[in-house]
Amino acid sequence: MKKTLNLVLAGVTAMGLALSAHAEDYITLASTTSTENSGLFDSILPKFEEASGIAVRVVAVGTGQAFELARRGDADSLLVHDTAGEKRFVENGYATERADVMYNDFVLIGPESDPADVRSAKTAAEAFAAIANAEAPFTSRGDDSGTNRAELRLWENAGVEPGGDWYRELGSGMGPTLNTAAAMDAYVMSDRATWVAFGNRQNLTLVFEGDDVLFNQYGSLLLSEEKHPHLKHGLATKWHNWLISEDGQRAIADFKVNGEQLFFPNAK
Amino acid sequence: MENNAFYVALSLLFSLDAALFQIVMLSLQVSLLAVLIAAVLGFPLGAAVALWRFPGRGGVIVMLNALMGLPPVVAGLMVYLLLSRAGPLGELGFLFTPGAMVIAQVVLVLPILAALSRQKVEEMLGEYREQFVSLGMSRARMMPTLLWDARFALLTVLLAGFGRASAEVGAVMMVGGNIDGVTRVMTTAIVLETGKGNLPLALGLGIVLLTLVILINAGAYMVGELTRRRTG
Amino acid sequence: MTSLSASHRVSSTIAPPPALRFEGVTFSHEDKVLLGPCSFTLDGIGPTLVMGPNGAGKSLLLRLAHGLLSPGQGKVSWSGGTPPRQAMVFQQPVLLRRSAVANLIHALAVNNVPRRERGKLALGALERFGLAACAKTPARLLSGGQQQRLTLARAWALSPQVLFLDEPTSALDPAAIKAVETAVHDFHQRGTRIVMTTHDIHQARRLAGDVLFLSGGKLREHTPAETFFNQPVSPQAQAFVAGELVE
């Protein structure tokens, strides 16, 4: 009996050791599903790790949750796409510095048949108005993410208050929302990166792109040492500086899916 | 061909992909360790509730039964708030580690093991009680005897707990963060691939997970049958 | 064989049990008096056969004596204050889901018998009751007769000063009944007080030293077997011995 107990204890200890985090240098980065799902991190993180010896552990969540993680001190660094929210984060003292890193753009996706005739729209406002007038099915993230906030601003620009049977708020991430749109033959607004890398398109196709208001800026934030002294500020600063350095910017530009560049570096 | 989930599942299994192997191993380690810890705590707890009469006992039983249906994401949220830097155990730096995932799954599995073992032990106690009192056994002394004699029923309970642990995604996603190479397990990988629209790959991973769970259940069933035949 | 005779020597040294006293003992369930009030003293080693028709309260009396139940009123006590080592054999054998020998070892363990003595005591008891060959057999796969012998072997290993048996043969065939009666005889030889219920008057005639006769929850008489079977005192016992239907 005692032998068995010892064996079990030894087993538990061994498993516990196997499960504890590695001792190497790493930071935890809170970022958005769009960057993770597109495959950007798989492409640029090895380059950063090679240059710095620092591993980056990405927790990919909605922009709202990413802010919350950083506010509570659970992430060392933040890379999100809600410029207004990011500036407020700095003003409130949770971050000391914000830098533009890259942008991509939002695109309107819809069924091949295009029942609302979005393709003939000249501006994003026209395109959104056309969907509302036709009462064509539209799936919205509805999760207070960066993309969701941008979408709501675009409805406002179009002078439409979205609602009714045709407007479906899903409360889901970008990928699940695209899956639902594909199943429903609905219109949906997506960031370009997630769309290009998305594998389950079925009848969906890109129906509108190119308006300046569809611009989607990503920013990196240096978190406050004062609020959370335990965070790995030194390592996080290296990551932040690398992102906006020549090397980091080139790594972002080099990331392509099917030959298409998905993120455009624009650090100043 | 590459759009067929079964083809994907088979090629995943036979290519012995290193990343997949790591994900599978982590899934197994996290869920098995969670079930082990939950058993060490839950079986004596269930047996104690079966053995002792105390005020509020009915309430405890109702709570345990109700918590069997605790949504994983709620368990995840509770453990997240506990382990978050701003939370009471934040100093441990446990968040976004496999250890955090183990804790979350213990929270999910413990009520199942305690509630079901309470039921099994109570049934058995009804049969044994007079003999135990006749032998002069205290309640505390009855506990190990009952747990050992209920071992075959408890093995099934253990499998139910393992099923819950290995199948859930909400809790491990929240406290593990689905970090590539660190806290990514089968279920969170499936969610990620579904999000990317790689449905065949997601379903392929699902088939791999299902295969594993079937193998573990078959193994446990065989061990149970063999020992049952030997010891009755 | 040497180990058997050795255990025989040890067994003959069982200390005489203290007297068991019932004083106005009553047991009720939901306001219905099921037994008592009854008073008696057992101070020999019997065998005491508790007799009476079904529902007379025989099993209740045994359980009150053994301490499985507490009386609603009155007092069950042992002279000297401390209860003796005692064991009970039930109508339905209650056996753990383990091998025959493991059942005995468990009983010894909970009675604080030192670990190194348990195996020898258990095997000795199995041998005495003809179960040595099935020591490793799961107890619950044994036949009904073997199971009842196993519960007797378990009691034997504990060297009880008092042994209670509640209708131990009611579910058994004649060969198995014989084995149980032989066992009762052996326990008695060893100095263990036997208190046993039965509804089989022939069995009682074979075994009894004295008889406690119950009917309708009341103790009707407590007399030596000789007296009970030849000149019963109470009218209920007279009818019972004569083979009439008694309530």
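Backbone N, Cα and C define each Cβ position, glycine as well.
Just so you know, TrEMBL annotations never went through curation; they're auto-generated.
Taken from TrEMBL, the feature domain 'ABC transmembrane type-1' applies to B:24-220.
Long-range contacts of the transmembrane segment (B:31-52) within its own chain (CB-CB distance under 8 A, at least 6 residues past either end) are made by residues 60-61, 64, 101-103, 105-106, 108-122, 125, 139, 142-143, 146-147, 154, 158, 161-162, 165-166. The transmembrane segment annotation in TrEMBL covers B:31-52 (among others).
The transmembrane segment annotation in TrEMBL covers B:59-83 (among others). Nonlocal intrachain contacts for the transmembrane segment (B:59-83), taken as residues 6+ away from its ends with a CB within less than 8 angstroms of a stretch CB, comprise 46, 49, 89-90, 92, 94-95, 100, 103-104, 107-108, 111-112, 114-115, 118, 168-175.
Through the fold, the transmembrane segment (B:95-116) approaches residues 26, 29-31, 33-35, 37-39, 41-43, 45-46, 49, 61, 63-65, 67-68, 70, 72, 75-76, 78-80, 83-85, 157-158, 160-162, 164-165, 168, 171-172, 174-177, 179, 182-183, 185 of its own chain, all at least 6 residues removed from its boundaries and within a Cβ separation under 8 Å. The transmembrane segment feature in TrEMBL is assigned to B:95-116 (among others).
Marked as transmembrane segment by TrEMBL: B:146-165 (among others).
What TrEMBL lists as transmembrane segment is B:201-223 (among others). Only residues 6 or more beyond the boundaries of the transmembrane segment (B:201-223), in the same chain, are considered here, and those with a CB under 8 A from a CB of the stretch are 5-9, 11-13, 20, 24, 27-28, 155, 158-159, 162-163, 166-167, 186-187, 189-190, 193-194.
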